[in-house]
């Protein structure tokens, strides 16, 4: 292809993504667009065509990004090349959204015409605005009896400040308005800018591991051209590779001769390790490198940590392999080996948030068949010691002695809750109970309110989201962003079973709520740990001070069963003998802890 042809083709490329809150019909709309542009035959067409993982289909959410190239013949007679990038809508995956948005020039903003704007819609719109994208509002689900498209249009204008006068009214389920959406993409989304003859610059926005071809990098070409056989360099890591093949997704991977400015496709180059093709990194030519990398790359830092241990200790190496494999596709997963007296060998893993953590656990159990025990999730605390040094703690067991600590800081988040008028009280009560600090409250229209609180992340990590949903009958939507660290009165609470500390059950709690938490946890463990042949005390302690206790009663065999009547001293002798045996057992006895016990430490809501 000569340069003029490249430039002509470039003017017909439109790169866009779809952003929406969970369940507003994003993947369904993507299905309709694939259908309308003839990307899939009827036989291949299935619900959520771009969601490849079983888990995505089951939960009805999008976890990984997907990119497709589509051909569309517009009303002006030209054939346009669309690159549609489907993004996750969940708050844990915002960084995947931000990367896919960086690969686009435009975004379709989908708003449910019955529910209106939700908290994550806002979060994603701000990400799109940060990337200077052209945003096209689409009011979806207009076939619902409860749809109020005019109200929602007004909301889009008032809350986001977008002009919604020519927003497309659509129903992705029934295929209404799809044509209008595609025409708007042609008219309003700008063609990619960039020089095909300049040194190569390509943004990696996702990577995937294939056992035969190594790492497959999903890329968007910003400048220059790339062909098989060329040498490339990763600008963050400085490593060099030779390109084996380049191609596009239609949604199936199809090889092509070259990728040039504006193309969204894939590249393989015998890259063995996914950490060599970091998401957000820039690929350039090794022979004629670009001067500077594309902006916006940042390493994703985990927000939530927890321990993963195999139930069967022989599975340890399989678990390591599973984590290595998942890490290949998931740049934000971090892990390191750790040991626990109670659980043996395992890994301390870092995740972006709770949904991310659940999904990784579920994928390990499903795809690799390993049964797991997970410990309570915790966040990263900054501990300043009396000698002036600051250390970071992501595991409660590593918390230093109270005498050595000067103060502890914990991460705070700014949480935005959008909720119908009737539930404002319930939401405020919940936020207050989680040590929230009230910031602001705004009425979006006559019956929807946006409430902003600053809450410690550790309070959100447990069950904030579940409680929020149940307190508002599922109507609230929620989004959070980290705002920094603040000093708090935090203490480490240990749980003792039979006088032994169980390291995996330790939690870091606020001093004011320690007594309450201790009492609840101890009672819960009493119910969940099976009764032993001997009496087991369950205690919660802060340092050496016991703050709560409960006792699991022993199971007792009736040793008097075969004494019919008879002398009392004979019975007493048997009972004394039994008592001696129990005492001996108690001294050497080990208590098995079921998985539910670890989760009980977290779930404080069903007191």
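Even glycines carry a Cβ here, placed using N, Cα and C.
Here Swiss-Prot flags 23, 24, 25, 26, 27, 28, 140, 141, 142, 143 as GTP binding site, drawing on sequence analysis.
As a whole-number mean, the pLDDT of the domain 'tr-type G' (11-193) in this prediction is 73. Under the heading domain 'tr-type G', Swiss-Prot lists 11-193.
Residue 27 (GTP binding site) carries a helical DSSP state (H, G or I). For the binding-site residues 27, 140, the largest tally of other C-beta atoms within 10 A is found at 140.
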